[in-house]
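Remarks on the structure that follows.
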Amino acid sequence: MSGAMLSVEQAELIIAVAEQVLIDGATLDRAYSKVFAGKRLASSDQALISSHAGALLRKLNYYAAVAEVNLPIAPAQLQSLVAVYFQLHQLRSPAIRIQLSDSQLNERVAQLQQYPALVDGCPEWLDILGQQQLAERWPAERAALAAEPKRYVRANLLKTTTDKLASRLANEGISSQAVVNVATALEITNNASLFRTESYNDGWFEQQDAGSQMVAEVLDVKPGMRVIDACAGNGGKTLAIAAMMQGKGRLLAMDVEQWKLDNLKKRAKRAGAHNIETRLITSSKTIKRIAMSADRVLLDVPCSGLGVLKRHPDTKWGDTESRLPVLAELQAHILGSYSRMLKVDGILVYATCSIMPSENRAQVQRFVTEKPQFELIEDSTVWPSETGFDGFYWAKIKRIAE
Ligand SMILES: C[S@@+](CC[C@H](N)C(=O)[O-])C[C@H]1O[C@@H](n2cnc3c(N)ncnc32)[C@H](O)[C@@H]1O
């Protein structure tokens, strides 16, 4: 990534993505789709721009400190910020005017080394939260969450095997390697585009972090079961569950956003997952109507996203801190209310893409204390520092009585 010459257009597009996120308040995913829309960019260009925009946002406060500009950033100061990023990574472009001499840059960098949280791109509120919640574990997680995310795919076992997928991808110019302890996962080890391949069109894989694949496995579904994925979103975990059910049994994917369920349906069609039914949650009645009906329930609840900051660094610079209490209430509500859909002896998995105990074990412990008909069997956190994956938490809960 370092030492390259970027064209005017490439540099301007990096700035445009940063502007969307930092000035217009867009999520990073939304910023990419807005900035790339209508441009006939090569996939290698898109990868390059995303890689630099992501890296810039992962350590935004550090680059801002080196550039001596304040956050939230004013539009007129974006250039100075990007100039520092370019200079630190030895990038050049006719569109970017380097403003500091090398000795000024080195002096500022040396001064800032005494602030390790800043060097890891961690805002102050998050550093305080991480220390409170994770104590001595936090510095390693903080550093791991500032790393560039790896790319993983999940082999769709409804259509292929992990080995067959790896060789077909190799024929399509995509190199990959197996992932220890996650049988369906392949790590993609070059920058080739995944979504213009025949194997993608044929539904042989989905892009999905290996940690997310682990969470879907915990649900331990069997063909023929009645399974509910109640916060299904676009269906990342739904599709993994469908493959484990081998097309047998019923899988109900629910969410409060119809557009996400519509996306899920399209993905399910490509994946050949025919046992998925989608249902919009419009009120508490949607849940009540199917009380005690499921052998398995997955509650992949809305969360802070503080485990997936590598991929979504924009989370650090928006309103996440102020949303934490609202999210906690929603998580407790979903766990308390949606658990009613589980049959006696059924298994519920509560999951988040956060590594903070307040959203995780604390929620689960409160729930099982208030509802003795449920029992915590086992829980675990997928730590980014130990796995290199995104951070997740899961808890396996059994219903032992009505
Ligand atoms: C962490 S995301 C789910 C990600 C998805 N399971 C996946 O693996 O791709 C949480 C989802 O919960 C949904 N959600 C928010 N409030 C909800 C509610 N009250 N009931 C059900 N789903 C809700 C959001 O729309 C979002 O899609």
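Cβ coordinates are placed from backbone N, Cα and C, and glycine is handled just like the others.
Copied over from TrEMBL:
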ACT_SITE  Cys353  active site, nucleophile
BINDING   Asp255, Asp300  S-adenosyl-L-methionine binding site
DOMAIN    141-402  domain 'SAM-dependent MTase RsmB/NOP-type'
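Overlay of TrEMBL feature records on the structure.
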residue : record                               : contacts (Cβ under 8 Å, 6+ apart)
Asp255  : S-adenosyl-L-methionine binding site : Ala230, Cys231, Ala232, Gly233, Leu261, Leu264, Thr278, Leu280, Ile281
Asp300  : S-adenosyl-L-methionine binding site : Val215, Asp229, Cys231, Ala232, Gly233, Lys237, Ala351, Thr352
Cys353  : active site, nucleophile             : Ser212, Cys303, Gly305, Gly307, Val308, Asp390, Gly391, Phe392
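Under DSSP, Asp300 (S-adenosyl-L-methionine binding site) is assigned to a strand (E or B) in the three-state scheme.
Confidence in the domain 'SAM-dependent MTase RsmB/NOP-type' (141-402), given as mean pLDDT, stands at 97.
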